Amino acid sequence: MSAGKKHARDGEDQGARLVKKAKTADTQTDSDPAALKTDKKKKDKKDKKERKEKKEKKSKKEDAEEDSEELQNGDSAAVDSEPKPEKEKKEKNNKKDKKDKKDKKDKLKSSGAPTTNGIAQDGEANAATTTPNGSAQRNGAAYSYQQTKTLDAIPEDEIKEFLAKQEIAIADPLGANLRPIIHFSHLPTSTLTSKKPFASFTAPTPIQAASWPFALSGRDVIGIAETGSGKTMAFAVPCIESLASSPKPNHAKGDRTAYARAVVVSPTRELAMQTHAAMSSLASLVGLSVVCLYGGAPKDDQRALLRKNSGADIIVATPGRLKDFLSEGCVSLSDVMFAVLDEADRMLDKGFEEDIKLILGSCRPREKRQTLMFTATWPTSVRGLAEGFMIDPVKATIGNRTRAGEEGEGNGSTELQANIRIEQKVEVVDPRGKEQRLLELLKEAQKGSAKNDRILVFCLYKKEAVRVEQNLERRGIRVCSIHGDLRQDQRTRSLESFKAGTTSVLVATDVAARGLDIPEVKLVINVTFPLTIEDYVHRIGRTGRAGKKGKAITLFTEHDKSHSGS
């Protein structure tokens, strides 16, 4: 081979090798495992960083939502004290506002009230804007109390004049400005009011006018008014309206327990029976049942009555009998959404305090029930205990003994005072001539056209009442009696005979002094001075009722000094 050819061949080989080397280098760059591994690491690192950033962002978002929920629910747990970025704070506030709006909308929806743009609308032509109610959904009832247009249209000066004339003082810790219901037409339209249950009455009594707006709004109410002022209807109307607008809870078939949705507790059998009669007439108009439970009557008969009605919507009871049925398990108050203590000062007196705690403790918690207390007096000694059963109660006080709002206190406190329409007289007599003087007073009071006037004679002890009754019978006085030693049927007959006018004189111990509706009592005579000033006020409060005048005479002897404060 010539040198030229060899040189050319070497050049071709070198060129081929360079091309091959270049191709090999390209191939190594694309397929070399080490290079691929390096690229993957870089990519993984980048992906990991992005995931971490997303996770941190999500965590911050969740923290912000949790903080917003804590603010919304009032949670007392500690939250991050470090300042948040402005954007995050704004985001939290927006979420809170949205949640508030949703909650309000849900509440309106659950109440059954039609809404327009989230604002409750009343379909009645006579309805005005919704008024404050404080706790409308607390016990599960669909409260939608609204002042009527006719009530709204009354000038404020006339409202103030009405309150002053009727001596009404209202103290509301929540400051809801609800006007008194001056006329029955001012009551919201409902199934009950459409039946015209008040057709025979001219206007609500002051305690009804003052308490109804708040009670119909779902608020707890303390009503303080003299006896004979219409307190029974003051709590009966909102109780029945509340139950009529709420669904009945379901219970297992075959459950023999009697469940109630409302309970009214009264201190005496007579008052319980009287309240039962008044509430039954209203409840029947809307298909609700009322059962009365009291001592002195067979338990089996009352159990049978409960079974017959599959329980009762409303139970009116004395504390002792209700406590017995609760302990036996035949009555349950776990569904009670409306509780009433009638004659509350006596109910919370020393002997009833534990019973009341047991009864109210068997009901729904106070946050989930409505509690009303009505009474003629409100002694300082029981105010604190009574308010422990309630939430932000409104105090409606009737009479010139009120001091609600005085000097900016707004505490609704009252001074104990007898009915100012009652003429009071005290006669100091010799103990041995007391019953003879009683006979003289009765004959003087029942002269001529007043011979059938009703006179109520109070004794301190049962034995004294029996002796006085027998003595008057021997002297030809038409008399009957009511005291603790009599059977329930005997007490009922005596009370009905006195109300009907068959007998014109009723001899009683203090058991008859509280809350009984005995119309047209012209005179009250205290043969023996009562043990407390509260009992004295309630005794003489049997006369001078419903705006009428009355008279009370107390026979006072040296033996009465020890318990009269003399």
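The backbone N, Cα and C atoms fix where each Cβ goes, glycine too.
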Annotated motif 'DEAD box' segment (source Swiss-Prot; candidates 6-9, 342-345, 494-497, 502-505): 342-345
Which range of 182-209, 294-321, 378-405 is motif 'Q motif', per Swiss-Prot: 182-209
Spatial neighbours of the motif 'DEAD box' (342-345) far in sequence, C-beta under 8 Å, 6+ residues away: 222, 231-232, 235, 264-267, 271, 275, 373-379, 382, 386, 514-515, 534
Long-range neighbours of the motif 'Q motif' (182-209), counting only residues six or more past its ends (CB under 8 A): 124, 126-127, 144-148, 150-151, 154, 162, 166-168, 216, 223, 225, 229-231, 233-234, 237, 240-241, 244-245, 281-282, 285-286, 374, 396, 398
DSSP-derived structure type at THR232 (ATP binding site), helix or strand or else coil: helix
Structural state census, the motif 'Q motif' (182-209) (DSSP three-state): 11 helix, 0 strand, 17 coil
Other C-beta atoms that fall within 10 angstroms of the C-beta of ALA225 (ATP binding site): 26
Least surrounded among the binding-site residues, given as GLY228, GLY230, when other CB atoms within 10 Å are counted: GLY230
Helix, strand and coil counts within the domain 'Helicase C-terminal' (433-566) (DSSP): 59 helix, 26 strand, 49 coil
Arithmetic mean of per-residue pLDDT over the motif 'DEAD box' (342-345): 84
